[in-house]
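Peer 1: Summarising the annotation, TrEMBL assigns domain 'Threonine/Serine exporter ThrE' to 9-133. If you look up TrEMBL, you'll see 6-23, 30-47, 53-75, 82-101, 116-141 marked as transmembrane segment.
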Amino acid sequence: MFFELIYHFIFSFIASCAFGFLCRIPNKTIIAGGIVGGAGWLGYYMMSTNGFGVFITSFCCSLILSTLSYAYSYIRKYPSTVYFIPGLVPVVPGITFYEVFKELFTNHADVALTTFFNVIASAVALACGIIIGNILFLLLFKPIINQVKTAFR
């Protein structure tokens, strides 16, 4: 189980870093974007393998992504989107949306409808997680980071 988690983290880290490189984010932030993406994917993977639904897994993953990206942006003084966009790449439901159209073209409308609702649930959960992650960071984590910063001065 541990090696499987390392495997998933490494490949989602590589995917996030590669997407960050393709989007030409600053070189100083590529590794941090990969860490955000790896952590978000680990949260998604661990929850989905433990039987949670699409909405809950996407929501918790988005909470992890947004909280980490806001923390990195606050500490390193870069916009949070520099960390969030590459980190979002492993969890975007792109292949699921492809499967919707594949099932539509093969005349499996019932499967396509179910898969489409999963795509919509995932997208809504990602959006809600971004908003709530921002609020969590501002209310809980920002004061903690400020205390740690003042302790090391």
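Glycine too: its Cβ is placed from the backbone N, Cα and C atoms.
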Peer 1: When you scan the chain for residues with a C-beta under 8 Å from the transmembrane segment (116-141), skipping those not six or more beyond its ends, what do you find?
Peer 2: 53-67, 70-71, 74, 84, 88, 91-93, 96-97, 100
Peer 1: When you scan the chain for residues with a C-beta under 8 Å from the transmembrane segment (6-23), skipping those not six or more beyond its ends, what do you find?
Peer 2: 29-31, 33-42, 45, 82, 85-87, 89-90
Peer 1: Based on DSSP, tally up the residues of the domain 'Threonine/Serine exporter ThrE' (9-133) by helix, strand and coil.
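Peer 2: Across the domain 'Threonine/Serine exporter ThrE' (9-133), the residues distribute as 109 helix, 0 strand, 16 coil.
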